[in-house]
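Sequence annotations record features per position, and here TrEMBL assigns domain 'DUS-like FMN-binding' to 1-265. Among the features that TrEMBL reports, FMN binding site is placed at GLN64, HIS162, ALA217, ARG218. According to TrEMBL, the feature active site, proton donor maps to CYS93.
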Amino acid sequence: MVRYSKLPFRLFVRDYGVDMTYTPMILAHEFIRSPIARDSDYTTCPLERQPTSSDGRQHALIAQFASSEPTEFARAAEMIGPWVDGVDLNCGCPQSWAMKEGIGCSLMSSPSLVAEMVRAARSRLSPEQSVSVKIRIHKDLDQTVRWVKEVEAAGVTFITVHGRLRSQRSSTVPDYAAIKELRKHVSVPLVANGDAYTLADVREIAKLTDADGVMAARGILENPALFAGYDATPMEAIRRFLGYAVRCPISLPLVLQHISEMTVRVEGMGKKERRRLMECRDLVELIDYVEEKWGLDEGRVKVDDVGG
């Protein structure tokens, strides 16, 4: 997800049953050339490499890149390698700017190039680290089958499949049958993506696709606790996220956007209240608003609320 899955959010969702987290999609050519871009796109901390204290669960961290050049992607993988468990090449972003840049979904017409990029990144990482790709499907599913077979032969570790065409909007129901068909043609693990908003959705998607895992993107923004079995964001999770945002600062507009997404199903959060939320001028004002609105003052947001 562009911008959203920065450090505090990644730490936060680990507390709610997530096994693997991804960085925001990073432009590889900017990452390898600009220290400012690297500092903006990727930050981490020792806590992110430790098991979660509540259950002792170890979590994988994947850096996702957008690129169309093998050497560029390999160099980015090498640079970020010491701090992640693997890298992912985004071949599924349908946005027009990505298509113009020759990245994202535009790579779905270039399997040989993607295979070369996978081999290049694979050569720069340790055998224990993964090199994966995230894709969408073609209208002609046979074309997708040929695509994944060529990329698998290049040594890809796993493949994530978003069950929509490049041209389809999020209102279109994902084609889970297509993902199930692709599962028959690859021997590496396959992860299904598309419309996972609750744990019941996750289980149904796994059943319909025979996938080895299920990825949530928009769903986890709205309900970060979905993998822990919550059908909507619990109020205590909002306090926990703010604790991580205090400990690992990100921009205030991004924090506000996260809280806005998490409260989309909360009763009483109409236009007036949402406007009031977005008018908060700093984290202190936001924390005061949250405590006043949802009665969380018995657990004032503190740095030691999280990661202990």
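Cβ coordinates come from backbone N, Cα and C, glycine included.
Shown on the structure are the features that TrEMBL records.
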| residue | record | contacts (Cβ under 8 Å, 6+ apart) |
| --- | --- | --- |
| GLN64 | FMN binding site | TYR22, THR23, PRO24, MET25, ILE26, VAL87, ASP88, LEU89, ASN90, LYS134 |
| CYS93 | active site, proton donor | VAL2, MET25, ALA66, ILE103, GLY104, CYS105 |
| HIS162 | FMN binding site | GLY92, LYS134, ILE135, ARG136, ILE137, PRO174, ASN193, GLY194 |
| ARG218 | FMN binding site | SER170 |
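Taken as a whole, the domain 'DUS-like FMN-binding' (1-265) shows an average pLDDT of 96 in this prediction.
The FMN-binding residues named in the record, GLN64, HIS162, ALA217, ARG218, extend over a maximum Cα to Cα distance of 16 Å. Just so you know, the Cβ of ALA217 (FMN binding site) picks up 18 other Cβ atoms within 10 Å once every protein chain is counted.
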